[in-house]
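Asks: TrEMBL lists these features:
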- 1-23: signal peptide (SIGNAL)
- 125-149: transmembrane segment (TRANSMEM)
- 155-174: transmembrane segment (TRANSMEM)
- 195-214: transmembrane segment (TRANSMEM)
- 229-248: transmembrane segment (TRANSMEM)
- 269-294: transmembrane segment (TRANSMEM)
Amino acid sequence: MVAPGAVVGLLLLLSLVYKSCKGSKCSLGEGGVSVPLLCKSGADCEVREAFSPDPAEKPEYEGDIDRNFGLEQGTLFWGLKKDPLDFEWSYWVEWGRERILWLLAGHLLVSQMCRLFMEKYKPWCLMVYGMAACWFLLGIKGFAVILLYAAISFAVAQFQISLLTWMCSLVLLSTLHIPAVEEAKRKWYDNENEYYLLLFTVSVRCLFYTSFSLEYCWHEPAQKSSHSFLWMLAYVFYYPLFHNGPLMNFDEFSKQMRKQEAFSLKTNVGILIVGIIRIFFWWCLAELMIHLMYIHAICSSSPPLEAVSYWALVIWKTCLCQTFSLV
């Protein structure tokens, strides 16, 4: 679900943008739609005013970003140009279109089959499916790394010392930045995209290791029966949360997995349709932000950054951070 704070933050941001743009004389430059579409944000209005006090005068930075970074001609939203430097968003859209969406559809199919025929074994069936998906995307070596980190984190949790758990998580994360380890992992894959998928996945998995281990430390001995290593693997390899979240603590995950519900085709189809509509809406909003506010391109160009106020920079950064919070 979308965090209420993200929605409130977006509404607040839009109100600030409106107030910043209200009364500003932003106009399209020569050649039709181009970088001045940034006047949709208050930051752009300030940049335009800084570079061009006369609204009729073409701004000095008009086309600079396009020349330096090569804005892409978008196929959505009436051909508006797209920020090519938003690596993370483009990266996940590409992976999602090629493989991840299909694997999520497979997870949904396995989940529904389990609910129909073997509800009792649903957590373990989904665990096996998540392991197979991990193996398929990251290879045997990437799968082994995630499994090894899970085993180390579980072993450290047996001491039931929260501080030790946090230190273990930090050490595991730090191994991602050891030059020799980085070089060895790069050789496992044919291209950088596959290597970065491993990095993103391991980073998010470390948060799940930490959640399980901390809750293991905090619970009484009588409650630890549901905190076995097998349950940890079911939690870590649950595929919808696997690559990029969202985050869910282990207690909540366990509660939902153990919950017995009667199968209703009508209810399930309704939930699926609503979920697809929600995701599609937030995806369109995030994609629209990339087409209207060239946040990454501007942050890579010195003149606009030197010209705008600190408040405009705050607006840019907020837009950047809210993108992934909303979807």
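If you go along the chain as it appears here, the first residue is 1 and each next one adds 1.
Backbone N, Cα and C atoms are what each Cβ position is placed from, and that goes for glycine too.
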Asks: Using a cut-off of under 8 Å between C-beta atoms, tell me which stretch among 125-149, 195-214, 229-248, 269-294 contacts the transmembrane segment (155-174) the most.
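Replies: Maximum Cβ contact count belongs to 195-214.
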Asks: Counting CB pairs under 8 Å, which listed stretch among 125-149, 229-248, 269-294 touches the transmembrane segment (195-214) the most?
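Replies: It is 229-248, which has the most Cβ pairs under 8 Å.
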Asks: Are there residues at least 6 beyond the ends of the transmembrane segment (229-248) whose Cβ is under 8 Å from a Cβ of it, and what are they?
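Replies: Sequence-distant neighbours of the transmembrane segment (229-248): 92, 95, 100, 103-104, 107, 123-124, 126-127, 129-131, 133-134, 146-147, 150-151, 154, 197, 200-201, 204-205, 207-209, 211-212, 254, 257, 324.
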